[in-house]
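Q: Right, I'll just put the structure down here and ask away after.
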Amino acid sequence: MWWGERYNVGPSLDYGLYSCFMSSFVYIFFGSCKDVTVGPTAILGLLTQPYVMEHTEDFAVLICFISGTCIPFTPCSQWKRVTGNPNRLPSSDEGFLVDFISIPVTVGFTSAAAITIGSSQLKSLLGIPGSADGFLDTWINFFRNIGQVQKWDSILGFGTIVVLLAMRKLKDFSTGRNNTQLSLGLRLFRTFVWLLSLARNALVIIIGIVLAYTLSDENGENAPFRLTGDVREGLPPFQPPPFSTSSNTTEYTFGDMVNIYGTAIGVVPLLSILGHIAIAKAFAKGKPVDATQELIALGLCNIGGSFVRSMPVTGSFTRTAVNNASGVHTTLGGLFTGAFIMLTLAFLTSTFAFIPRASLAGLIVCAMIFMVEYDIVPLLWRTSKLDLVPLTATFLCCLLISLEYGMIIGVGINLISILYKAARPRVHIQHLSICSREVLLVRPDSGLFFPAAENLREIVLKASSKDPRPSLTVVIDGSYVHSIDATMAKNLKLIVDDLKVNKRAIIYWNWGPGMEKCCRGVDDNLAGNFRRTNTIEDVFRGEPSEGDCRNADDSTSTVDICTGASDPELSNFPK
């Protein structure tokens, strides 16, 4: 109901209810997490709202169908056959696409979405006129109409918030249903308090309905609060999603509708996946989550929902938490959820006309307060200050531009950071004396690919040129390098040639057979530069200049050359 009212998905509240029951039934058979409840969410509602307000609710239904067909086949779902268990759906590695959406980007997005949604409730919370789309427009509309604030709507709205926050604290008073050390009466009382806290959202709506009905005249009009109005009675028709529609005398084909969606046609499925997998993992209680099976279930929930006029759906954190607290043991709990919603649509819709908009607004504001993750900022400040950059950029862009572009910008910043680290890997330099040999040990600590090729070559040549010791042997340790590409293999050959001009020997130590084969493909003569031994001393045993092979640590000076290392660091090498 909240989402149908809040996002104007359809002419009345019924579209919020349409979005709940079909997904509940589908998830029973295809879902794998007993607690997860699939339905409309604030973020998907916010993404769907503009198309419904500007055109018609058919746009919400069609994007629900498109999301359902896309979700199981995204790069997030890497299919592979699972043998040994014929009753199990194909599994996955959980894909790679979701992995590029880091925690700072996710938190920035959800926090900005929560603030945007909470701000959008000002109109209903205070009873002011006007319309707004987005965070800035909402506050502009608020200050423009601040003189038209309605007293009773404001009292009811803020009163709802206070009651909800107070009742939320009741669960801290209760210890739940398993405290056997208390007397029977106290256990019953604490259980009652726990149930009261659990049902707080329904209670404030019921109180609002009673107040509106009591204070209205005989015809149900002239209530002191703005009401939601009539809700269409009955179940939705079962029919295919609309692949064409008309709005304001304009006909839209399927292609026209897809063009109007723009980036949302990719962002809606992506955010559905992100939210659903995150919720499934949060409530898995240590059990593995089969991401591909969950995405199949989510896709089918959206496809099935589109046949009953549903908006896009995904896992709902709040309803999943209630499901978990209620003690469900299987996905069959969705049967009761779906059945109750269908009964509500069939017999109770006339009651919904008396729901005050201020009550709904207060309820949504309370839900959004706890979606803003304030504690992530001090955590990132203590652990990784660099992660504050994508967090801040995502948060501000989602607020000031749009949620879709904010997420894309945040992911883009993450990708730039990853590419920069790939192009400038950390390289450790050690100066050793082993078996009477002067050794410059170079140790990259990650995979080496073409972006890092020239950088590694520059570091090796600069370090060797700064070292004045005669008969220097450069040893490049490949123990931590797991793979290279053709560009890097070519640059390893160029390093050999460059050092040969400077009369420096070079050894590639403990590089894997696959990487040696790649280098030999560039120049077969490179085979003589590769060594694989247990210790670096073993590399020089048996050499003509062999001396006292004592522990290398006795003559070791270490300098770490990180990304962007400067010449003064190189000048610190021992003379």
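Here the Cβ of each residue, glycine as well, is placed from N, Cα and C on the backbone.
From TrEMBL, for reference:
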type     : residues : note
TRANSMEM : 59-76    : transmembrane segment
TRANSMEM : 96-117   : transmembrane segment
TRANSMEM : 191-215  : transmembrane segment
TRANSMEM : 260-283  : transmembrane segment
TRANSMEM : 295-312  : transmembrane segment
TRANSMEM : 332-355  : transmembrane segment
TRANSMEM : 360-381  : transmembrane segment
TRANSMEM : 393-420  : transmembrane segment
DOMAIN   : 439-500  : domain 'STAS'
REGION   : 543-575  : region 'Disordered'
COMPBIAS : 543-553  : compositional bias 'Basic and acidic residues'
Q: Short question: which residues 6 or more past the ends of the transmembrane segment (260-283) have a Cβ under 8 Å from it?
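A: For the transmembrane segment (260-283), the far contacts come to 32-33, 35-36, 38, 41, 43-44, 47-48, 51, 55, 59, 63, 66-67, 70-71, 74, 76, 94, 97-98, 101, 106, 252, 289, 291, 294-295, 298, 302, 312-317, 320-321, 324, 403-405, 407-408.
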Q: Could you check if the transmembrane segment (332-355) is in contact with the transmembrane segment (59-76), meaning 3+ Cβ pairs under 8 Å among residue pairs at least 6 apart in sequence?
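A: When sequence-distant Cβ pairs are counted, the transmembrane segment (59-76) does not touch the transmembrane segment (332-355), since fewer than 3 lie under 8 Å.
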Q: Going along the chain, which residues at least six beyond the ends of the transmembrane segment (295-312) come within the CB cut-off of under 8 Å?
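A: Residues 3, 7, 9-10, 15-16, 18-19, 21-23, 25-27, 30-32, 38, 40, 44-45, 47-48, 57, 60-65, 67-72, 74, 76-77, 89, 235-241, 268, 272-273, 276-277.
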Q: Using a Cβ cut-off under 8 Å, which residues of the same chain at least 6 positions beyond either end of the transmembrane segment (393-420) come close to it?
A: 43, 46-47, 100-102, 104-105, 108-109, 111-113, 115-116, 134-136, 263-264, 267, 270-271, 386, 451, 563
Q: Could you check whether the transmembrane segment (191-215) and the transmembrane segment (59-76) come into contact, where contact means at least 3 Cβ pairs under 8 Å with the two residues of each pair 6 or more apart in sequence?
A: no
Q: With DSSP as the reference, give the number of residues of the domain 'STAS' (439-500) in helix, strand and coil.
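A: Per-class counts: 32 helix, 14 strand, 16 coil.
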